[in-house]
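Novice: One structure follows; several queries about it will come next.
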Amino acid sequence: MTVLGYLANGLVFSSIIVLGSIGLSLVYSIADFANFAHGDTMTIGAYSALVTFGAVGGLGGAVLGLPYGFFLALIVGIAVAAVVAVGTEKLIYEPLDIDSIGLLITSIGIAFIYRAVIQIRFGADFTRFGVEPLRPIEWLIPYGIRVTRHDVAIVASAAVLVVGLHVLLQYTDLGRKMRAMADNPDLARVSGIRTKRVKLWTWVIGAGLAGAGGVFLGLFNQLSPRMGFNLLLVIFAAVILGGIGSVYGAMAGGFLIGMINQLTPLLSRLGEVLPLVPDGFGIPIGIEYANAIAFVIMVAVLLVRPNGIAGEGAT
Amino acid sequence: MSFLTDPRGTLGDLTRPEAWVLGVSVAFLLLLFVALLAGALGPTYFLFLVGLAGMYALLSFGLNSQWGFTGLINFSVAAFFGVGAYGAALMTADSSPIAGGFNPLVGLIVGLSVAFVLAVLIGIPTLRLRADYLAIASLGLAEVVRLVVLNERWLTNGSAGLRGIPSFFAGWPVLSTFPQAMPGLRLEVVPGSPIFLEAPFWRASLNVLLVLGFAGATYFVLRRAHRSPWGRVLRTIRSDEDLARALGKNTYSFKMQSFVLGSLIMALAGVFYTHLNLYVGPGDLDPITTFYVWVAVILGGSGSNRGALFGGIVIVTIREGTRFLNDFAVPIDPAPLRLLLIGILIVVVMRYRPQGILPPQRELIWPSAVDGSGTPDRPASGVRERKRSDDLENRSENAENRSDDRDGNGPNGGDDDE
């Protein structure tokens with residue numbers, strides 16, 4: 001594969017990471033704790049979509065190789081993830097009287113409960129959506145890019161969701177309230193913002209985006225009960241790289257981490273790829289360490305620039 | 001010891017949760033004992049379970065000296081456990097790709113040394129971080145360790161794991177042949193279901209002795225350390241790191257010491273696990289191991305070593321009990337059931353008893369100061385002395401307030417340094 005091919009793959013994977021990291025960052029800044037159940041919220045979205053798609057089928061036509069029924073399933077996946085997250089907030093997190101560390105530990109318990117329920121219902125094995133796998137797009141193959149129309153659909157849908165979120169945050173009342181609350185919850189409260197309601201909306205948006213990310217992850221790879229938890233640390237890396245609490249930072253961080261993750265194979269043959277570097281030079285790191293690289297970057301960012309590349313207050 | 005001289009008084013002194021835990025434990029032990037006598041529970045397997053419980057207690061002690069004493073959120077328990085286990089296994093196992101065949105004592109030393117180096121390496125970058133960042137970073141670095149163990153086949157045998165590990169006492173003068181030398185016994189308590197006590201049983205009882213030795217030594221070291229001036233500094237860091245710094249303590253250095261101490265204890269548990277299970281694989285480094293230990297500690301009560309012991313037993317009950325449930329009552333795969341129980345346990349504890357079932361009591365005063373009459377002897381007269389004894393009472397109240405405060409405020413006290 002050529003560099004362009006890896007970049008294209010990186011773009012697809014980045015879209016998924018971005019969807020996950022926005023939600024995590026929103027919840028981190030507004031509910032004020034590191035939500036370890038975020039990855040499993042993605043899994044919930046993916047499996048809800050799997051069930052829905054199995055029930056409704058294709059529904060006639062198709063866009064970008066994906067039947068209409070899949071888009072319905074995507075919406076159901078988003079909705080179920082959001083409903084589950086709001087229910088968890090109402091039933092579990094809200095009545096708790098503990099600090100953010102206690103909430104963090106609780107969210108690990110929640111993550112296990114989500115995953116266990118899915119595993120009891122669907123088993124631990126890998127599954128796939130019942131969508132026909134596609135061949136890579138013909139006219140891109142000469143450039144060394146092997147992406148399917150499904151991948152294009154993933155990137156396009158993610159772009160639509162991200163732009164929608166941008167509009168919501170910048171131009172609507174709710175968005176302004178959310179930004180105010182992320183900035184200073186007490187001040188937001190005394191200025192008459194109903195912070196509890198805003199918090200619920202944050203969960204809806206964050207978990208909804210996570211659900212969408214989960215569905216796309218299932219389409220990009222496979223579905224398994226561990227898919228979300230396995231991705232969780234990569235998403236944390238993205239959020240920390242972008243700066244916790246900054247939605248745009250999370251987008252940038254997600255993009256970078258997703259790219260780095262997919263570009264790992266290039267590290268071992270840097271010489272061929274980069275100019276000025278002698279041929280045959282490379283960092284001998286295999287693809288199996290792609291996630292490890294993300295974690296090391298995360299720790300390095302925490303040390304050098306704890307506020308992330310975007311800095312704080314850029315919500 | 002006071003239990004022997006005055007059983008009724010000691011029982012009366014117990015707090016409600018203490019009495020409750022004691023009752024449940026005694027009932028549970030009786031149940032196990034009946035099952036043993038009836039032959040429903042093999043004695044060798046029972047001893048294996050005891051060994052496992054001791055191992056979890058040891059892991060919980062380790063985490064306790066990090067989270068309970070100093071308030072460090074370490075999510076890399078599995079990494080230290082795994083490093084200890086792999087260190088011992090690589091030195092002793094037949095199938096070891098690097099050395100193998102050494103005396104288990106060499107394995108013990110190597111396991112602990114590698115864990116020491118790893119603890120310093122992980123500690124240097126992460127211990128300066130805010131509490132929640134430390135959690136994420138340590139979990140990430142533990143995953144890096146797991147990936148290395150899984151993928152570096154030349155070093156660790158990869159996903160196949162290591163087999164052919166000798167018992168810990170292999171090569172010792174008497175103990176190495178003790179299981180074979182002991183006569184096979186046959187007990188028949190309930191007619192028709194005899195119990196055999198043969199070489200595996202004696203091997204298992206040696207293991208239990210070993211873990212009792214490890215855990216007992218650790219317990220006394222930790223108890224002493226906790227009450228020493230060193231332990232006091234750690235508790236100060238836990239409740240308010242800025243205060244400790246203002247008092248002239250190098251908090252980073254103290255955090256590192258506590259982190260390394262805890263990690264060594266975890267590695268010790270790993271070494272024991274190697275010789276108990278006689279097989280180690282990359283699955284043992286799975287994050288779930290970390291969270292088992294976390295559940296044990298927060299269930300027992302953060303900072304409380306008795307609680308850690310209790311938590312360890314609960315974890316083994318969940319881990320092994322789910323297998324029986326699967327066989328008899330609930331036809332659910334044990335792995336997700338275990339996950340579900342652990343998750344529910346975390347949520348329930350955090351909801352109803354965030355300080356744990358057996359939270360540490362009077363952790364800021366020496367027990368000798370309150371033993372006997374409950375309060376120190378008060379001199380017959382003199383304002384000054386009177387004032388001092390009031391002081392002591394205040395301090396014991398403070399001790400309780402402190403622990404409440406910690407639940408409300410977070411170990412690093414840290415909203416200020418965001």
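If you go along the chain as it appears here, the first residue is 1 and each next one adds 1.
Including glycine, each Cβ sits where the backbone N, Cα and C put it.
Please treat TrEMBL annotations as automatic predictions, because they have not gone through curation.
TrEMBL lists these features:
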TRANSMEM  A:7-31  transmembrane segment
TRANSMEM  A:43-63  transmembrane segment
TRANSMEM  A:70-88  transmembrane segment
TRANSMEM  A:100-118  transmembrane segment
TRANSMEM  A:152-171  transmembrane segment
TRANSMEM  A:200-220  transmembrane segment
TRANSMEM  A:232-260  transmembrane segment
TRANSMEM  A:280-304  transmembrane segment
Novice: Need a quick answer: max count of Cβ pairs under 8 Å to the transmembrane segment (A:152-171), which of A:7-31, A:70-88, A:100-118, A:200-220, A:280-304 is it?
Specialist: A:7-31
Novice: Mind checking which residues of the chain, 6+ beyond the ends of the transmembrane segment (A:232-260), have their Cβ under 8 Å from one of its Cβ atoms?
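Specialist: For the transmembrane segment (A:232-260), the far contacts come to 7, 10-11, 13-22, 24-26, 28-29, 34, 36, 38-40, 111, 162, 165, 169, 182, 290-291, 293-295, 297-298, 301-302, 307-315.
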Novice: Below 8 angstroms Cβ to Cβ, which residues of this chain, lying six or more residues outside the transmembrane segment (A:7-31), approach it?
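Specialist: Here the qualifying positions are 38-39, 41-42, 89, 93, 103, 140, 145-147, 151, 154-155, 157-159, 161-162, 165, 178, 181-182, 185, 198-199, 202-203, 205-210, 212-213, 216-217, 220, 231, 234-236, 238-239, 242, 244-247, 249-251, 253-263, 315.
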